Amino acid sequence: VWMHRLYVESEKPVCACPPAHRTFVSITLVVYMYNIIMGSVNNAALTCVHLLSSLAATPGTEPEMTELSGLFVEKPQSTIAIKGKDITFVAKVDSSTLLRKPALKWLKGKWLDLGSKAGKHLQFKESYDRDSKIYTYEMKIVKVVDGDAGGYRCEVTAKDKCDSCTFDITVEGSFSRGPKEDEGELDFSGLLKKREKKQEEPKEEVDVWSILKKAKPCDYEKIAFQYGITDLRGMLKRLKKMKVEPKKCDAFLKKLEAAYSVDKGKKIQLTVEVANPDAQIKWLKNGTEIKPSAKYVFESVGNKRKLTINKCTLADDAAYECVIGEDKSFTEVFVKEPPVTITKLLDDLHVVVEDKVEFEVEVSEEGANVKWMKDGVELARDGKYRFKKDGKKHWLIINEASKEDIGMYYVFTNGGESKAELEVLQSIADLTVKAAEQAIFKCEVSDEKVTGKWYKDGVEVKASNRIKMVHIGRIHKLTIDDVKAEDAGDYTFVPDGYALSLSAKLNFLDPPKIHLDTTGSMVNKNTIIVVAGNKLRLDVEISGEPAPTVCWTKGDNVRKCCGPAWTLTPNSSFLVSPDVPDPPEGVKCMGVGEDTATIIWEPPKFDGGSPIKGYLMERKKVGSSRWTKLNFDIYESTSYEAKKMIEGVLYEMRVFAVNGIGVSQPSCSSKPFMPIAPTSEPTRLTVDDVMDSACMLKWRPPDKIGAGGIDGYIIEYRKEGGGHTQEAYTEWIQANSEPVEKNSYTVRGLPTGEKMEFRVMAVNIAGRSPPAVMAQPVTIREIIEQPHIRLPRHLRTKYVRKVGEKINLVIPFQGKPRPVVNWFKDDEPLDPKKVSVRTTEVDTILFIRSAERDHSGTYTLSVQIENMEDKASFEIRVVEKPGPPLAVRVTDVWGFNAALEWKPPKDNGNSDISGYIIQKADKKTKEWFMVYEHNRRPNCTVSDLVMGNEYVFRIFSENICGLSDEAGLSKNTAVIAKTGLAYNRPPYKEKDLNTSPKFTQPLQDRSVIAGYSTAISCSVRGRPKPKIIWMKNKTIIGEDPKYLMQNNQGVLTLHIRKPSLFDGGNYSCKAVNELGEDVVECKLEVRGATPVSVHGDSKG
């Protein structure tokens, strides 16, 4: 309570409490928890209040709180919520002083981020006012439950500024509020009040670890999202430290850990300890044995066996096991990719209904996986949403936006996230009005503070008595009274500050009128007199909007365009009425491209009595009712190429015919078609092989494939320079009846000796791609290639294998036509009963299921084509463990030493003996101890034997397979007898310490002022004590009282009392004894005293 009063209500974070106060509060909480454990909740609360009260009342202990920047304009307030009702909290942030958009978090308790809980129960909304530069954040709790009660915190950060506030939610009707999963673990405020306990139904607990153990490593991130685990690194650590019941195993002293984690590109080391140092182990990855290589390195150090995996990739994320006989040790290795960050954030979009929407984001790694969500719900690929990626860029595409698509869209990676808001505006409806009527255009914008302007045909509309513009809330209204013909046109509303506009068309409807010229040859009104048999041309002016339909009649008969000509007779009176043409016929799509389509049609059968001037085209998406005009100017041709369409979307087309009277009715819609581009041409078309009547081609897929994919490839061929003669093979001939899916094909049945040209085309639903053509023609004839054996590197030396192992040797060779292969062993044909051989066109395989000593020898491979031959030989040696050494005996014993000799084993295991192992044992303990390892000679000397013991020795032979199974025992023993020992002390020899004099510190040059006493010093060493002689300018200084000479423990000092200018010169010191002498010198400079000026320096 007091903490709440002191820190929370003052809108300061608890962390602002001074350290002494925090310590006092911690002690208070300990006392409080102790009383709770002892069963006295009331006493605990009372004790806590008294202690904190004393803290608040102590003079001079006012808490110094850190001042935070005041970013909040409006803060969420504590409230009482009704269970089952909705509640909304609003926070407003002033961004006028910020350089970047602020980031706001809603927290419950102390650390639970509610952003990860967004969904049906928790909903978040964000808006921005451009005029006041204020961000508004809303958190809505749908159908409040008991678990929503507790303390909440709202934090906002923006680069170097931050602010926070707290508020509480009390759920009415909730009598018990135990610690929930979403609350902070240290929130004891709910225990300060005595409340009735309400029994809750037990919830079924979900063991996330059991789910993770059964799941694949690729599904870990999905499971983390599902169960609210935001720290994927922490999950992997928990997985690594999970305790497993160890299975009793005698073969392993220490097994592998339950799990290991490693960063991508790093190395990891798996270590086990075995009980038997000589045990043979196997390492398995996903059940498959691992072979030593540069990537997988095996180490054996004493009882430890190590597997090192270098440069880990995602392929190394697998299950590993170490096997010793029947015993196994399992582990999981998790390879973590570096976090993928978002380098280009999403942008807010404002579109019109049925417009195309594209959200674009750029990440730090190519080929990274991203997850798109809308209002907390993950988006799936269906007819409405499409996902596209190209390198580091990712797109979310909505083909036709609707009001239902309004909301907040998120994109997530494993290292970041971004969000953007989509605002879908309703388009303005077209209007058709008559003269003198009223036309009203309405436009709804996203915010009531958004202003804008109206334009007609690109010119701003000005208010007048007839034209009025009104802005009420989010509605902008344009009213035109007494509509006239000049008011018809395109009207557009452009919001201020937005790159978006809404347009609509005003169609003016004018009743049709006929303006007949009554002047000239007319006798009466509407009566024309002409001479029988002459031609009559009657031009009648008509008006009306839209263009009226005109029809000519004679009497009760309607004039047809294709009917017989009228013949004028005397007293003929008639009314001529022209008409619009019939609609065009046969509208169909002839071809498509990536975003284009070619449409053709036939002219109308009836032109309405007036020549056809051209056509108007419209298109729409299948399932939509909105037609889009493709041209506003009359198009004269009967074929048209529509552009700017979306690849993979179905469209329909229709055509209008236009003559001098008006526009026809629309034609029937074409059959649905889909713009899909054929792929680009295949790449790297080359010849792989040529035979007498066939040619093998290979190529790479096209660089550009598109949405249509690839259904296969078509291969065609012809003679060189074909197409100009009537000979066979001069035209392109398709080699395959059905498209082939592979990137290689063998064209057969070709004429031998001819030069042929080849080309390959990719095929999909849009048709064939441009062909990939070879630069040079290919001559069809068998190429004779000399046989050549490519002996592998490991067979160029002696190939050694142990008895019982399998031998599988693959030896490639070259040669055309197919060579004849023969195998020999020791110059004899190979016995097929002992060795299996399989030969293909390019290699031969030698296979021995279980190697024996008899398989050792020299093997020869012969490859022959006609009279050309190539041979290769290699040696196979099958080895096993050697036998024991022979005739082991002790040849001599002296002191504490014994000499041993033996003979090499009779059977060396078909391998050279690499050394011997010598062990000793005394007959008292009979325990064997190692003496020598890898002793190469058949003899040795054993030292450091214990006096009074009798020793026996055994020796093992060693070769490439290991130690011999049995040891050779010495036939006799070595007895170390006890003898008396005397120590003769060596005579003491006194060391001669006499030395010649030597100066350890020389004299130093000095510069002194005349009249001031000085001294020069040096140090000398020598025995016996040397005689010291001081000299000036090589003249011995006698008993001159001006000089004082001192010798203190070898430190020599010459004092000069008040030297004058004549005392300067070279001074030397000589040390002399019977073993020699030594001299050091220095230079003494005596300077005259500088007179001191009382008045200072004068200038000039």
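Quick reminder: no glycine exception, Cβ is built from N, Cα and C everywhere.
The following features are taken from TrEMBL:
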type   : residues : note
DOMAIN : 63-170   : domain 'Ig-like'
DOMAIN : 246-341  : domain 'Ig-like'
DOMAIN : 420-492  : domain 'Ig-like'
DOMAIN : 583-679  : domain 'Fibronectin type-III'
DOMAIN : 681-783  : domain 'Fibronectin type-III'
DOMAIN : 787-875  : domain 'Ig-like'
DOMAIN : 884-979  : domain 'Fibronectin type-III'
DOMAIN : 997-1087 : domain 'Ig-like'
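Mean pLDDT for the domain 'Ig-like' (997-1087) in this predicted model: 91. Break the domain 'Ig-like' (997-1087) down by DSSP state and the numbers are 3 helix, 60 strand, 28 coil. The recorded stretches the domain 'Ig-like' (63-170) and the domain 'Ig-like' (420-492) share 3+ CB pairs below 8 A when only pairs 6 or more apart in sequence are counted, and are therefore in contact. Residue counts for the domain 'Ig-like' (420-492) under DSSP, split into helix (H, G, I), strand (E, B) and coil, are 3 helix, 39 strand, 31 coil. Per DSSP, the secondary structure of the domain 'Ig-like' (63-170) breaks down as 7 helix, 58 strand, 43 coil.
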